[in-house]
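See structure below.
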C-alpha cells in the first residue's frame, strides 16, 4: 500500500531522517523529517494552471506548531490551536525567504507550503527541521524549484562554533544564527549576537554553509528515488520587446531615476509607463499584447537602467555614491507624557519611537511548545499606508510588521540591562511615519534613543543600516543605506545592527547565486563604517541613558523575603496583599523565589508598601524601638500592635516610670506609643516596654542612662588616682 522512501544521515551528532510515501500522499510533495525526536511534516501543493492576472509568484508558507507535539493541551475556552503565534509567523517567513528566489521565473501557479510540527523533544528547535523538510518536499513535488537548499543553526560558545546547539546550549551561546542556501551559495541569514565582530559573524555564516552540505546531498539522494517529473514553465523571450520599449522610453527612465525626491521620481516613472501603455494600447484598436506582459517588461527595464547607472557612473538614484549615508536628524523627548520618545529621520525614512516602562503585571505570557514563559521586552513595529503616500486597509498586524519588529528586537535585546538590575517590563513601539528604505533599521536607531530617553541603562547605543548589492558578471557595487527602489531592484538586502563594539543582529536575503565570501566581507566592512557614522549622528541627540526615569514612569523597588513568608504576605485568598495595594496605592508583585517588586509613580507609596511587607515577612529585633498602637487595655497592662500584624504586651509595670495604679491612667485604645522589645516569656509571648523609651523623641532611655554612667565613670577615673 505504501511506497516509502527514506534517507538517514548523522548530522551534528544526531540522526536526521527524511521519509516520503507514507503520509500525505495526495500532496504534490510530502516529507516527514525527524531530528532526534523532533518530527515535522512538510507538504507542497501547486495549482495545475497559472493564476490569471498576476505578475508575481503566488507562494504562501504556513508553519504550524501543534501543542500535542509537546504533550500539552491548548489553553483557552475552545482548547484548540488558534491564530498563528508570533513564532509561527516568524518561522513561516524564515522558510519563505530562501525558497522564493529559487522558483523559475514566470511560475505563476498558486503554490502552498504547509509545515506541521508533530513532535518536539525539547532539545531540537523545529525551525531548522522545518526548513530542511520544506526543501525536500519542494524538490520531490515537481514544482520548478531550483533547489534543494540546506539550513543550519550556528552557535558560538567558548570561542567555538557549534552546529545546531540544543535548547540548553542556547542559554550560554553568544550567537544564534540561522543560515540557509544551496550547495553553492548562501541565500538567507537571520541572527542575534552579543556584540560579535564582523569576522566571527562571517565565519559563522560560512561554517553553517559548510555543515549543511550533507543535508543537501541527502535531499538529492531522496529525490533520485522519489521525485516527480519537473513541470514545464513557458518562458517567453522578451528581448525584442525589451529593445523596442527601451528605444521608446530609455531617456525618460534615465531622467526619472535621476530625481532624488521619491514622490517626484514616482510621478516621472508613471509618465514613462503611461507613454508605453499609450503606444501599445491605442484607443479603439485591438491590442497586440497583454497589459500585464508590457508592465512586466517595463519593470524589468526599470531595474536594468538603475543597475546600469550605478555600475557605469558610481552614482545612485538620489545622487549619492555607494558609501554615503543619507542626512540624519535625531531628536529625543518629543512626546511630553511618554516615558521615553525619539524621532529618527534618515532621508525620506522616519520612525517615531516610544518607550513605556511597566511592571511585572505588564509582562507578556508566551505559551510555546517548550513551555510557558514571561517576556519582559516587547518591540512592536507599525507600518501605516500613509508612510508611503498610499491608502490602505487598517486592521490586524501583518506578517511583515511582525518580522521587522522582531529584527529590531534582536538588535536591541543583547544590550538591555539584566532584569534583576532594571526590573521593568519594557514596551517599545516604532511608528513608521515615512518610508523610503530601511525602516526596520530606523526603528533600531529610534528605539535605542527612546530607551535611553526613558532612562533605560543600555550597555551601549545601538544603530542599524541596510546594505544593498548590484552584481553584473565580474562587476559589483555594495550600497550603504539603500533606498526602497535599490532594495527592490538590487540583488541583496543586507541589514546589520550593532554598537561600536560589535554586531547584535544580522539579516541577509540574497536573490541570486554567485555572491562570494569576499563580497559579503566587503559588505560587512562597509556596513560597519556606516553604523559608526550613524552612531555619531545619534550621539548629537543623546549619548547615554538619562540618570533619572521620566516624570510619569513608575518607580520599582526590589527586595527579597524568605520564601516561607510569601504565604503570610499574600494572605488567605490574597486578602493581605490586596489590602496593601489598596491602602498604599503601590503595585506589588511577588515571585516564587521571594523576590518582591513594589512599583508606583509616588515614592511615598513605595516606602509604605515596603515597610508593611517587611513588617510581615521579618521578625522584630530584640531591644529595637518601634512605633505602635494600643489595641486593647487590660488591668495588668496594654496590648500594642507594633510590627505589622504582631502584638505584644506592655505590662503595667512597664507603662511609665513610677507606680501606675490603673492602665487606663496612662493609655487608652488607639493611642500611638513608642515601645522597646524586651524579649519573650516562657510561653513565647512578646514583652514590650514604654517606660524605657522617651515617648516624644523615641530615644532609648536605658541606653542613654548607661552611656551617661559610663561617661561619668571614665571622667572620674583620673581623680580617683
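FYI, residue positions are counted from 1 along the chain as it appears here.
Every residue, even glycine, has its Cβ placed from backbone N, Cα and C.
What Swiss-Prot says about this protein:
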type    : residues : note
BINDING : 487, 493 : Mg(2+) binding site
DOMAIN  : 554-613  : domain 'KH'
DOMAIN  : 623-691  : domain 'S1 motif'
REGION  : 697-721  : region 'Disordered'
Cβ proximity for residue 493 (Mg(2+) binding site), under 8 A, sequence spacing 6+, ordered by residue number, returns 466, 467, 468, 482, 487, 507, 508, 509
Residue 487 (Mg(2+) binding site) falls, by three-state DSSP, under helix
Excluding its own, the Cβ atoms lying within 10 Å of the Cβ of residue 487 (Mg(2+) binding site) add up to 17
DSSP puts the residues of the domain 'S1 motif' (623-691) at 6 helix, 36 strand, 27 coil
